[in-house]
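Asks: Below is a structure I'd like to ask you about.
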Amino acid sequence: MALKQVSSNKCFEGFQKVFEHDSAELKCKMKFGIYLPPKAETGKCPVLYWLSGLTCTEQNFITKAGFQQAAAEHGLIVVAPDTSPRGCNIEGEDESWDFGTGAGFYVDATEDPWKTNYRMYSYIKDELPKLINANFPTDPERMSIFGHSMGGHGALILALKNPGKYKSVSAFAPICNPIQCQWGKKALGGYLGPDASKWEAYDATQLVKSYSGSGLDILIDQGKDDQFLSAGQLLPDNFIAACTERKIPVVFRLQQASCFCSPWGYDHSYFFIASFINDHIKHHAKYLNA
């Protein structure tokens, strides 16, 4: 599958690049960012996949998160795909920020008119890794995944639905229980239809209740003053309770202001992500470089 390089920038002795390709799964052109650490010039490297949140493209993470230095130090290739198909000429795809363009929700749609293009789950699970492994110096046996908000949801469900595929998983402010929140109900109902029992296959809290695969060491960071946490969109407590019941290890860190005189804690933004991204890179490097 042909790749077209869109941009390339030297960064911490490696390269931050963006490529475009024709996706067979999504039936449109897709872009992804890829950071190639210095080690990639001389040998194969493990791959860490980042899934972004609602409204994002591949650009948000590669320009705002500040992950490249840690990725260079640990010798990790980091791939950041777009969040949905684009330009598919589907009626209604651009009408709202939390459904359609920029909001693929990492599911394989089963409903018209979305089912032909909106197959982000299969794109992330199968097509994109095959493309990356065929064109870059990767070690296909060493792969991990993390993400933010909708992308945190995506990272958790991909790890839980595919035991052993990913060495580790982590998330920033993930949508943990989408069948119980408005974002999830809108997206899952639109892409999968009105039968809510079908939504459970893409809900991390539901999936963890029946998970019996290889061991997972889950890291989640959540901002204390995240506006979407207080609005009931993220529901991490439900996921933590399910993990506890199943005895699945999860480190949940509620991040707040370090200064007691400050009334503000961490929110849902990339300022929050940039504050703790090095911890997540180290978390994955521990498993990818073992």
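One is the number of the first residue shown, and numbering goes on along the chain from there.
Every residue gets a Cβ built from N, Cα and C, even glycine.
Below are the features I grabbed from TrEMBL:
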{"type": "ACT_SITE", "residues": "Ser149", "note": "active site, charge relay system"}
{"type": "ACT_SITE", "residues": "Asp226", "note": "active site, charge relay system"}
{"type": "ACT_SITE", "residues": "His268", "note": "active site, charge relay system"}
Asks: Can you grab the distance from Ser149 (active site, charge relay system) over to His268 (active site, charge relay system)? Cα atoms, rounded to a whole Å.
Replies: 8
Asks: Can you tell me how many other Cβ atoms are located within 10 Å of the Cβ belonging to Ser149 (active site, charge relay system)?
Replies: 25
Asks: List every residue in the same chain as His268 (active site, charge relay system), at least 6 positions away in sequence, whose Cβ is under 8 Å from its Cβ.
Replies: Ser149, Ala173, Gly223, Asp226, Gln227, Phe228, Leu229
Asks: Please work out the number of neighbouring Cβ atoms within 10 Å of the Cβ of Asp226 (active site, charge relay system), leaving out its own Cβ.
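Replies: Here the count is 23.
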